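Down below is the structure, laid out as structure tokens.
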Amino acid sequence: MEQLFYLSDLFGVAVFAVTGALMAGRKSMDLFGVLVIAIVTALGGGTLRDVILDNHPVSWIRDDTYILVASLAAVGTVIWVRLTQPIHEKGLLIADAFGLALFTVYGTEVALRHSVPMSTAVIMGAITGVAGGVMRDVICNEIPLIFKKEVYATACIAGSLVFIGLIQLATPHWVATGIAMLVVLLTRLAAIHWHLSLPRFHLLDRD
Amino acid sequence: MEQLFYLSDLFGVAVFAVTGALMAGRKSMDLFGVLVIAIVTALGGGTLRDVILDNHPVSWIRDDTYILVASLAAVGTVIWVRLTQPIHEKGLLIADAFGLALFTVYGTEVALRHSVPMSTAVIMGAITGVAGGVMRDVICNEIPLIFKKEVYATACIAGSLVFIGLIQLATPHWVATGIAMLVVLLTRLAAIHWHLSLPRFHLLDRD
Amino acid sequence: MEQLFYLSDLFGVAVFAVTGALMAGRKSMDLFGVLVIAIVTALGGGTLRDVILDNHPVSWIRDDTYILVASLAAVGTVIWVRLTQPIHEKGLLIADAFGLALFTVYGTEVALRHSVPMSTAVIMGAITGVAGGVMRDVICNEIPLIFKKEVYATACIAGSLVFIGLIQLATPHWVATGIAMLVVLLTRLAAIHWHLSLPRFHLLDRD
């Protein structure tokens with residue numbers, strides 16, 4: 001079980017690293033830039049969570065598998081695209097949704113182990129799931145996609161709330177994890193499929 | 001006294017959350033984006049201060065009133081604007097100046113409790129007062145306002161210096177707090193009223 | 001020796017502060033903005049490294065010489081430019097390469113003292129060397145230069161690897177430091193002189 005969790009965590013790292021590498025490619029960065037953006041996207045959210053929670057050592061500080069997996073995913077992406085294989089957008093979005101589901105539930109769980117209030121645990125789940133992508137977009141000089149796209153962080157807040165609720169109802173740990181991950185995954189896939197969006201808040205600039 | 005301090009801290013959080021929500025509206029973000037930008041603006045400065053000072057747990061980690069107040073302020077802003085009530089710019093600027101005064105003095109005090117050198121305490125006051133706004137602007141892809149606007153961080157550095165000076169002269173704590181807050185507030189209000197600015201540093205781009 | 005190290009560290013701080021002040025000038029910031037960007041550029045990388053490594057207190061928290069040196073360098077830059085002395089670009093690039101060499105080796109060493117895996121130590125060297133510049137560019141709303149320019153972070157990764165290798169071969173500390181710094185310095189100077197770049201990763205935007 002622990003082993004399975006570790007492997008899916010690495011899978012999430014790989015997926016987010018690919019999205020980082022693709023964004024770096026859209027900005028015509030050099031190979032080092034691709035590597036950095038991939039690593040920041042994959043590990044940034046978890047690092048921010050651990051630093052704010054004072055949860056040391058940060059995962060990739062003690063175990064260099066994380067950096068290795070993120071780097072390999074980035075290099076693999078560049079090679080794949082160079083061989084003119086188009087990126088399968090839909091497949092990437094589904095993988096990304098899986099990574100989001102995993103990171104969100106994992107982040108919420110880490111926060112709960114520090115016995116923080118519920119709202120803090122939800123925020124920590126969201127930070128783990130989305131902050132890496134926000135850092136990617138900020139460094140690449142874009143308004144973060146998650147604020148503009150279909151229901152994204154909402155999926156992750158929903159999953160986080162479901163996880164906390166199930167744990168408090170004394171649901172077995174692996175059941176709560178599974179259901180909460182499904183909630184994130186299905187919400188996100190539904191949002192992609194039917195292009196669901198939250199209402200926008202428009203404000204004219206009167207400065 | 002402690003109670004009064006806590007309440008004014010929450011007032012500062014609410015005010016900064018409103019400025020975050022308004023900026024998010026100017027960028028036509030969705031409702032979740034509004035919430036995130038509001039929370040980052042309201043709590044980002046204090047979080048950065050605590051993480052750098054190793055002052056754990058961070059305030060909103062242990063007490064979820066902070067997140068709640070920031071969220072309510074953001075939702076309230078959206079509803080208020082939707083009901084086509086225009087935002088009273090002057091009122092907002094004055095409230096913002098009050099929040100700045102409070103956060104600056106509070107941040108300086110937290111730093112002094114860690115017995116850091118004086119210049120560090122001043123920087124910590126400034127980080128607490130302005131870093132949330134800088135994060136708001138960076139995420140929204142704007143050059144941070146505080147570097148372009150009227151005397152802003154200068155007001156906060158002045159207040160921080162006055163606070164440290166009064167404490168070293170053994171002034172009663174609440175007197176020092178009151179005077180330092182007044183310094184920030186009046187400097188900032190004077191800057192708004194007479195459009196005071198620091199001189200600019202222009203450098204032609206020769207790249 | 002310890003003294004020499006401290007002095008070169010401060011020299012690195014001064015050099016990076018100058019690059020920050022110049023960037024702030026290109027964005028026509030006010031004098032306070034110049035100061036902040038200079039301080040962030042000079043101390044941001046080391047602060048990020050220490051916060052992620054849980055290496056407290058952060059250097060400039062306990063010793064206010066760092067802030068003082070960065071501030072003086074920023075003010076000096078403004079005065080120098082105002083007196084219409086043109087900035088000697090080549091001299092600045094060489095000084096910057098020296099600062100990079102020093103910060104990289106210093107950051108790697110701090111990480112090794114925390115007995116982290118090798119890849120983590122390399123990343124920490126790179127963070128110390130380049131993160132301040134990345135923060136400068138992100139706050140100033142630019143795509144970070146290091147991702148677009150000639151071999152930059154690559155120089156710093158090479159130096160970090162050489163340092164780790166020499167230390168593991170039980171080379172005397174000061175020899176390892178000297179050689180690793182030379183590697184960074186010479187790689188970077190060669191890159192500037194012959195305009196060496198890593199290949200770019202171009203990806204057409206198909207959204």
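Placement of Cβ uses the backbone N, Cα and C atoms for every residue, glycine included.
Curation does not apply to TrEMBL; its annotations are automatic.
Annotated domain 'Glycine transporter' per TrEMBL: B:7-80 (among others), in sequence order. Remark: secondary structure over the domain 'Glycine transporter' (B:7-80) totals 63 helix, 1 strand, 10 coil, with classes taken from DSSP.
Residues or ranges marked as domain 'Glycine transporter' in TrEMBL: B:94-166 (among others).
Among the features that TrEMBL reports, transmembrane segment is placed at B:6-24 (among others).
Through the fold, the transmembrane segment (B:31-53) approaches residues 12-14, 16-21, 23-25, 59-60, 66-67, 69-71, 73-75, 77-78, 103, 107, 110-111, 114, 116, 124, 127-133, 135-136, 139-140 of its own chain, all at least 6 residues removed from its boundaries and within a Cβ separation under 8 Å. Taken from TrEMBL, the feature transmembrane segment applies to B:31-53 (among others).
The transmembrane segment feature in TrEMBL is assigned to B:65-81 (among others).
What TrEMBL records for B:93-112 (among others) is transmembrane segment.
For B:118-139 (among others), the entry in TrEMBL reads transmembrane segment.
The annotation transmembrane segment is assigned in TrEMBL to B:151-169 (among others).
Positions annotated as transmembrane segment by TrEMBL: B:175-196 (among others). Beyond its flanks by at least six residues, the transmembrane segment (B:175-196) meets 93-94, 97-98, 100-102, 104-105, 108-109, 129, 150-152, 154-156, 158-160, 162-163, 166-167 of its own chain at Cβ-Cβ distances under 8 Å.
Here the transmembrane segment (B:6-24) has Cβ contacts under 8 Å with residues 33-34, 36-43, 65-66, 69-74, 76-78, 81, 87, 92, 95-96, 98-99, 102-103, 106, 132-133, 136-137, 140, 142 of the same chain, all six or more residues outside its ends. Remote same-chain residues near the transmembrane segment (B:65-81) are listed as 10, 13-18, 20-22, 25, 31, 34-35, 38-39, 42-43, 59, 87 (criterion: CB distance under 8 Å, separation of at least six residues from the stretch ends). Counted with DSSP, the domain 'Glycine transporter' (B:94-166) comes out as 59 helix, 0 strand, 14 coil. For the domain 'Glycine transporter' (B:94-166), the mean pLDDT of the prediction comes to 88.
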